[in-house]
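Presented below is the structure to which this report refers.
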Amino acid sequence: MAAPGRSKGLEEHRASDVRRRGRNRDGGAGEEKGMRRPWCCGTGGLGVALSAVSFLSLSSRLYHLSEPPHVCWDETHFGKMGSYYINRTFFFDVHPPLGKMLIALAGHLSGYNGSFSFLKPGQQYGTHYYMGMRMFCALLGSCLAPFAFLTVLELSGSVFAALLTAAVILFDTGCITLSQYILLDPILMFFIMGAVLSMVRVKSYAHSGPGDGFYSSAFQSRLIGNNLHNASMPEHLAYGSVITMKNLRTAGGYLHSHWHLYPEGVGAHQQQITTYLHKDLNNVWIVKKQQAQHDSSASVELVRHRDVIRLEHRMTRRNLHSHQHEAPLTKKHFQVTAYGANGTGDWNDFWRIEVVNRKAGDLIKVLRSKIRLIHLATGCVLGSSGKTLPKWGWEQGEVTCSPYLKETPNTLWNIEDHSNPNLPNISLSVLKPTFLEILWESHIVMIRANSGLKPKDHEVTSKPWHWPINYQGLRFSGVNDTDYRVYMLGNPVIWWLNLGCIFLYLLMVCVVMVSKQRGVPMTEATRERYRVLCQGGGQLMLGWVLHYFPFYLMGRVLYFHHYFPAMLFSCMLTGITCDTFLRDCGRCFSPPVASLVHTTAVWVLILSIAYSFYLFHPLAYGMVGPLAHDPLSPMSGLRWMQSWDF
């Protein structure tokens, strides 16, 4: 945000920028001969407007910040993760880490020691200091309106469009609610808006731990402290080697077994085979010949492409095994088990090892060779289905033997750990991926884990089409009339205005395109106004589309708050669309009257939005007493949709 004391310098800079470009950046109220410039475009006026927006935004986000003094909604997740960072506890999460690290930093700097459990919503904070983390989120949330103000000002050159944009974000009850709790949303939106502002400003001048196993072997070689970092091991696989095998499906896990058996009724009552995402001694296997026992005193014999082998689980001494029983979850696949005793089993323990794109007799390279294991008796291929077993399988990944020999990452493996005292070692430094490769993989792993999230029992979820129409809110705290209730719902006046402006914007752009195509004469000011609408508004429309429509392709559980980044773009689009529309309407009058009509209409719209906030503010700041159907309720008469549950 710009400080008030620098407003003059900013104004002078913008004025010189206008002169360099040779066109009027105000985009409106002073654009035609005889029209007055708006009051806030004079010397210091921009600073006054920005200061007012910043003050109102900060005040509205800090008001009643300590209420309620218990865990609300997703504070149970993000407060707990902040505590993990403060306590130096490693954990895996589906999101990038910066947001939780910042929450932890805010808690640490404000005196919170990470000792609160964050067990469930409604848990009282007591003597634990939570305000530092809430205040940090509120401070970032309070930056959204000023950022939007400056972005729209840069795109349109119109202070009125910027003020209208700031008003719809300032007075939205949903934005206030999201900003007042220990959540990732205000942090995410702060960085989104900061990035957008930076982008348009630049463009204007154109004129490590148990989580390692989630990642691929090459990725792990970049992690300091990982067993693959600066490590060395034998290059080629040999009989008698002790190995671990990792599935090439992103976050596919290690081939794993343990002493537990499949339950009665789930295929054969034999030892379970799973995939496991963490490094563990139960991931270790011994490579053996098809029939004869390996003689460790004999010369080294390397394993070659299309050799038939056995894999013996080192901890339980049972062999990797398959047969024509159904897999536990994937019914058209065969069950995979561990079978036998002390390395002795039967003919269903034999597997042909194949290397992708190799010829018979080629050697198998550790880490680099992509291998398949074909079951000799049934012809099926060993793979990871990607499904999670029930509690009897410790919620680990299902391993099956697929009769469909389609080559996919699910059926491909690489050998990760490899030890054999009879073979020389090589350095693994040659395997290190580039920074862009590990950046790509880390995001794919998070996306895969995130897409598997499912709703909890009795949890209120929503669908993407619900969001723009403000169909249903989220209960942050409280259920009945004796509770302190906070209900996250967008200010309906603002949300329906945003929705209407999306359609209005599309209509106006179509009219402009047709007018240009037909050569309709326009003044220089009109062309500039439509350039702002199409180019500046087009960037915001694209931002809304990219932040909204991908949710229709997602299989994970969705909630109302997922729409808010897109909502910020629609708010900025509303500012530009309304400003342009009102200026077009003003063309029906003489220039001085047109300026007055435009200014009056904008302020009436802003005051109407402010009044709607006065009506709906108990949703954001909390309320006690009767529910909305009771005439004595503070929300009486305001439940305009039956789906609103307050």
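Even glycines carry a Cβ here, placed using N, Cα and C.
TrEMBL labels come from automatic prediction, so no person has curated them.
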Stated TrEMBL location of transmembrane segment, expressed as one of 183-202, 563-582: 563-582
The domain 'MIR' (300-356), counted residue by residue under DSSP: helix, strand, coil: 3 helix, 29 strand, 25 coil
The domain 'MIR' (361-418), counted residue by residue under DSSP: helix, strand, coil: 6 helix, 27 strand, 25 coil
Best-contacting stretch, by C-beta pairs under 8 Å, relative to the transmembrane segment (532-551) and drawn from 131-149, 155-174, 493-512, 563-582, 594-616: 563-582
Interface present between the transmembrane segment (131-149) and the transmembrane segment (493-512) (three or more C-beta pairs under 8 A): no
Folded-back contacts onto the transmembrane segment (131-149), same chain, C-beta under 8 angstroms, at least six residues removed: 1, 49-50, 53-54, 56-58, 60-62, 65-66, 79, 82, 102-103, 106-107, 109-112, 162-163, 165-166, 169-170, 175-176, 178-183, 186-187, 189-190, 193-194, 196-197, 568, 571-572, 575
The domain 'MIR' (234-290): DSSP-derived helix, strand, coil residue counts: 3 helix, 28 strand, 26 coil
